[in-house]
Amino acid sequence: MFKLFLLLSPLYTTLFWAVVLNIVERRGNEPKWFLGKFMIVSLIIFISHTLYYLPLPELYIYADSLYYLAHLLTFPLYYIYVRLLAIDPRFSLRQHYKFLILPVVIFLLYGIGTLFMSKADYIGFLYPTLSEPPVTGIFLYQKIMRHLVNVVFVTQGMAYMSLSIIAVRRNSEKVANFYSNSEYSLRKVQWLNVTLLVTIFTCIVMEIISKENFAGNSSFLIAPSVILTGMLFWIGLLGNSQRQVLLTCGKDDEMDEEPPAKGITAQQRSLQMKIETLFTDKQIYLNENLTIWDLVREIGTNRTYISRVINNDIGVNFSQFVNGHRLAHARRLTAEQPGLSKEEVALQSGFGSAKSMRRAEKRE
């Protein structure tokens, strides 16, 4: 019974996260909502695994083509998820179809092959230990297609893994100039990428061994099942708590060109005074979720000008500038009301928590 539980654990895990992530409202939770679709695709994979390894060939033949489609969609969907965290505001087939077209084409080519096989031949092809299929005609075609699926799967895994790492690294350095809240970072996505590396390695090993060899001894499946369960649960856990960290903002960010040289000093001096007024008089830093675009809207200029003043004239990034004001406010509160707890001081100073305030103190 315990062995069966371990073998089915990836199915339970993906089912759990598919439910949790798909009940969230899409608006304001685009990456989380999309990760729910990733978990549905993963669930299809493990339902197919279950049917194959039990074995239930009479049922598996109806899931086989879908299994290969889901198999090939795994890494493109993950990369789209990473893009939704920091680059693209919404998922759109018009924009993201290019990442999905190869899996769909291979799925159609493989599916066409199954139409030319009888039910008995199809089962014999899927379970060669039951009857040795010939290596000619449609059987050869399907075998080539399966090898192609494996090659594309591994190639996609390495390619999209590299693209994800590059995207996260490139955007992580910019986050501090856009968001004041340390919760808006891509640290969790970096851990997701590590998790995906382990998953890729596990899947490559399984592909080398092949499903047919695993079908002969289910005990061999326990180790990869446990590893994949841990990785998928971790992906769901981190993805459920990771916030969207967009680094573009449509019309507010359209004027990213360099300002003209004439009058730059006077303009920057005026802009710096407006920024200081917002922070000293209006105490805008008390907004826990303050972003640089809030300053853009308040002042009526574009993001590049504000970033240049904060980065070059004041000498810090946006997050450091905001948190510096918050820490000063926290010290005043502590002096005036020594009875306040650390958590109360943090919340009243614009931090999301005492933990966030401690992180800001360490970086000061």
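Glycine is no exception: its Cβ is also placed from the backbone N, Cα and C atoms.
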Region 'Disordered' per TrEMBL - which of 260-280, 323-343, 344-364: 344-364
DSSP-derived helix, strand and coil totals, residue by residue, for the domain 'HTH araC/xylS-type' (269-364): 71 helix, 1 strand, 24 coil
Whether the transmembrane segment (66-87) meets the transmembrane segment (148-169): three or more C-beta pairs under 8 angstroms: yes
Proximity of the transmembrane segment (99-116) to the transmembrane segment (36-54), 3+ C-beta pairs under 8 angstroms: no
Same-chain residue ranges lying at least 6 outside the region 'Disordered' (344-364) that approach it to Cβ under 8 Å: 180-183, 285-288, 290, 320, 322-327, 329-330, 333-334
Same-chain residue ranges lying at least 6 outside the transmembrane segment (148-169) that approach it to Cβ under 8 Å: 68, 71-72, 74-76, 78-79, 82-83, 86-87, 102-103, 106, 110, 186, 189-190, 193, 196-197, 200, 203-204, 207
